[in-house]
Amino acid sequence: MAQTGTERVKRGMAEMQKGGVIMDVINAEQAKIAEEAGAVAVMALERVPADIRAAGGVARMADPTIVEEVMNAVSIPVMAKARIGHIVEARVLEAMGVDYIDESEVLTPADEEFHLNKNEYTVPFVCGCRDLGEATRRIAEGASMLRTKGEPGTGNIVEAVRHMRKVNAQVRKVVAMSEDELMTEAKNLGAPYELLLQIKKDGKLPVVNFAAGGVATPADAALMMQLGADGVFVGSGIFKSDNPAKFAKAIVEATTHFTDYKLIAELSKELGTAMKGIEISNLLPEQRMQERGW
């Protein structure tokens, strides 16, 4: 039987990242820039989402050499992505000793029917969600941390805003319901009934929910924090900008001081050009990464 980390320990590890910024990096140099800027963790991968989107084809787990290079370069936690449903990619990353695994829609799904049973792993998992149904299904499978799916690699915050608002609105609805209404709501959402009961009792999700997918500026990061995010993932936004080190520090500061508008104004000055954005309506249905997973 596989050894498993306890739910409390894995969720506690995710709670420790609360209020922070997690940055995508593709090598040791970028990882050091992220750490020096104040990132609470880094996500090691071969290509940032914008490049994955541009290249097309099948996107897989990163070469273990890249993941190890990043792990050896920094003292902060290191995450890595596995394809949805790819048991062996996840086991390989766990064996390598990564701190978290992201079962990610940014990569090409390996299984179109089943997500990983994340309860069987010692390593904590982060998963994307667009609504409370997706959020609770991932938690039931063992996710210790959630993030909005947004629309990765676009530099467009609109989908992350939509997903964060939707999850939070649905949580408020569940909290306001009487217990005898919850079973029907569970059916409508495709959500485990016991988890909805817990959300009603606690008044919140049982795990942290970060913003991700389209964060490109300090103001974007601050916006997501104001909407109730527990922290921020930045994928392409930093290392696709003109001045990655400056952008990274500015996004960390804006995430921490998300209601200090004068500071955010100062942080936003002379940053250089942000990453080139993509209008969501211009994406074909098969190009929408957020549609992956169920």
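Every residue, even glycine, has its Cβ placed from backbone N, Cα and C.
In Swiss-Prot this protein carries:
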type	residues	note
ACT_SITE	LYS81	active site, schiff-base intermediate with D-ribose 5-phosphate
BINDING	ASP24, GLY153, GLY214, GLY235, SER236	D-ribose 5-phosphate binding site
BINDING	ARG165	D-glyceraldehyde 3-phosphate binding site
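When the Cα atoms are compared, GLY235 (D-ribose 5-phosphate binding site) and ARG165 (D-glyceraldehyde 3-phosphate binding site) turn out to be 20 Å apart. Ranking the binding-site residues ASP24, ARG165, GLY214 by Cα distance from LYS81 (active site, schiff-base intermediate with D-ribose 5-phosphate) puts ASP24 first. For LYS81 (active site, schiff-base intermediate with D-ribose 5-phosphate), other Cβ atoms within 10 Å of its Cβ number 29. SER236 (D-ribose 5-phosphate binding site) sits 22 Å from ARG165 (D-glyceraldehyde 3-phosphate binding site), taking the CA atoms of both as reference points. If you take the Cα of ASP24 (D-ribose 5-phosphate binding site) and the Cα of ARG165 (D-glyceraldehyde 3-phosphate binding site), they are about 24 angstrom apart, rounded to a whole number. Between ARG165 (D-glyceraldehyde 3-phosphate binding site) and GLY214 (D-ribose 5-phosphate binding site), the C-alpha separation comes to 15 Å. Classification of GLY214 (D-ribose 5-phosphate binding site) by DSSP places it in coil, neither helical nor stranded. Per-site Cβ counts within 10 Å over the binding-site residues ASP24, ARG165, SER236 peak at ASP24. Annotation note: the residue listed as 'active site, schiff-base intermediate with D-ribose 5-phosphate' sits in a strand segment as assigned by DSSP.
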